[in-house]
Amino acid sequence: GSSWVAAFLCFIILLTTAGNFLLILLIVTQRSLRNTSNYFLVSLFMSDLMVGLVVMPPAMLNQLYGRWVLRGDFCSLWYSFDVMCCSASILNLCVISLDRYLLIISPLKYKLRMTSCRALWLILATWTLAALASFLPIKMGWHELEFEVRSPNVTSRGDEDQCRLLVSLPYALVASCLTFFLPSAAISFTYCRILLAARKQAVQVASLASNVATTATDETTLQVPRTPSQPAASSEGRRFANKHSKKALKASLTLGILLGMFFVAWLPFFVTNMTQAVCSCVPAGFFDVLTWLGYCNSTMNPIIYPLFMRDFKRAMGKYLPCCRRSGEPRPSAISLSMRNSNSGPRAAMSLKNVL
C-alpha cells in the first residue's frame, strides 16, 4: 500500500510544481499577460510553487516513513516554511479577490488606483504577514504551551522521532484568524459583491436590449408596412439578453467553484487544528489527511484560475492545441501576412462591421 501512496503523492508534487512553474513562465514570457492584476497571480503561483518544492517532499517522507528522517534541526525550519507558504497562498487569494472587486466596482478608476507600485507593496505586505505568522512565533517558541524554545518540535515516541507542530490555543486562534478566517471573510464578501454586480449588469443589459428592440420595432412599424422580417429586431434583443444572462450564470458557477474548492481544502484543516489545540484528541493520520487536502489547494489553483480566464486560454492556445478553441482556426501563412501588412487591420475591421 505504501507504493501506491508514494506514487500518488509524487504525482501531486509533480503536478503542483509543473503547473505553477509553467504559469509563472507563461506570464513572464507573454507580453499580453504582463499587467498589474497578474502580478498577484504570479505571487500566488510562487507561493504554491514553494509548497510543491519545499513543503510537500518532506511531508511525503514523513507520511511514508512514519518518522522524521532528516536532521532534527530542519524540523522547525520546515514547519516555518510550511506555515509561511500556505499562509501566503491564502493571503494571495484574498488580495486577488480584492483586486477583482476594485476592477468591477470602478473599472475606469482602476488603473489610477491600482498602480504597479501599489501592487508590489501589497504583495510585499502579504509575504511579510505570512512570514511574521510563521518564522517569528516558531523561532521564539510562542506556539508552545510554555513560552520557551524546546527541541525543535521533534517529539519522541519510542525509538521514532515525529516532526509535528504542537501549538497552543492562543497561537492557533491568532494565526488562524490572521491567515484564514479574516481572509476567508474578505474573499466571501468580495466574491458575493462581484456576483451581485454581474447579476445586476445582466438585468440592466436585458432591460436595455428589450427596450431597444421594442423601440426599433415601433419605428419600423410606423415607417414601412409590416413584413415577416420585422420581428428580427425583437428576436435579436432577446438573444442578446439571453447571452448576457448566460454570462452571469457562468460567472456565478465560476465563483461557486472557486469558493467551494477553497473552503473544502482549508476549512477542515483549520477547524481541526484549533480542536487539536484544545483537546489533543485528533488522530495523527486524520490530521495528515487534512493537511494534504490543504496542500492540494496549491495544486488546484494553477488549474482553476487560468481555466476561467480568457487571456490565459489565448496565451496557452499558442503552445497547446488542446487549449485552442474548437471554432478558432489555426493561423495560416496568408492570414499572418495580411496581419503584418498595412491592409490587414482595415480588412479585419470591415469584415467585423459586416458580420
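Note that Cβ sites are derived from N, Cα and C of the backbone, with glycine treated the same way.
Taken from TrEMBL, the feature transmembrane segment covers 6-27, 39-57, 77-98, 119-138, 171-192, 248-269, 289-308. Per TrEMBL, domain 'G-protein coupled receptors family 1 profile' is recorded for 19-305. Residues or ranges marked as region 'Disordered' by TrEMBL: 334-355. Residues or ranges marked as compositional bias 'Polar residues' by TrEMBL: 334-344.
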Problem - Proximity of the transmembrane segment (171-192) to the transmembrane segment (77-98), 3+ C-beta pairs under 8 angstroms - result: yes
Handout entry: Listed stretch, out of 77-98, 119-138, 289-308, that has the most CB pairs under 8 angstroms to the transmembrane segment (6-27)
Key = 289-308
